[in-house]
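Structure first, then comments.
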Amino acid sequence: MASGGLACVKYLTFFCNLLFALTGLLIFLVGGMVQLNYAHYSNFVGDHIWTAPIILMIVGAAVAVICFLGCCGALKESSCMILSFAILAVVIFLFEIGLGVAGYVKHSDLQPLMEGQFNATMRHYKEREDYRDAWTLLQTELDCCGTYGPNDWEVIYANKTLPPACCSVINLSEAKECTVVHATQSGCLHKLLGILDSKTLLLASVVLAVAGIQLLTILFACCLYRSFRRSYDHV
């Protein structure tokens, strides 16, 4: 029969496992929200960067599965299940730290990477319909024009006209087509970069809070494992 101290650690571990599961759900939801709301900007960021939300969703799902093992181990007083949970939780914890460090290191390369993507999609704007659709969506949603401004489109439109999405409103008495005079003067690169910077801060905050809860859960699991082993040794 478990002692009072052992029972306390057991239920604390069970409670922390529930929090651990909630952190997994939080990671999954954050990754899903970023993927759902901003995946259509992937042409301007790069597919290998845009895999981060998908990785977060996979990690979140894995955390939820691992927590089931920890909860069962705590309630059944199984040292084997608790040890397995602790090892898997440490692996997930280290993976999250590595993912956060990689994201921080790669963040400094984001602007030149995006600039390259912007230039590539603009260069092939007329040949590829998906690029035209992506630019139309980007310029309409962010109320911007070109990479740094409407003059960027001069390499594509020799007659000084611009994509219609660059002009949110055109006075038909002044012009029938979108031109630099009527276009939005803000470039799209810095606007999209600002959005991604804010989401990066959100993801970093979530990962930091999650890591603290997970570390606490791992420590309780290790204490519970030691308590179980001592209890079995005394029997």
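Quick reminder: no glycine exception, Cβ is built from N, Cα and C everywhere.
It should be emphasised that the depicted structure is a prediction, and the values quoted were computed from it without experimental measurement.
Database features (TrEMBL):
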- Cys145-Cys167: disulfide bond (DISULFID)
- 12-34: transmembrane segment (TRANSMEM)
- 54-75: transmembrane segment (TRANSMEM)
- 82-105: transmembrane segment (TRANSMEM)
- 201-225: transmembrane segment (TRANSMEM)
Find, among the disulfide-bonded residues listed as Cys145, Cys167, the one whose Cβ has the highest number of other Cβ atoms within 10 Å in the structure shown.
Cys145
Residues of the same chain, at least six outside the transmembrane segment (54-75), with any C-beta under 8 angstroms of its C-beta?
10-11, 13-14, 17-18, 20-21, 23-32, 34-35, 81-82, 84-85, 88-89, 92, 95-96, 99, 203, 214, 217, 221, 224
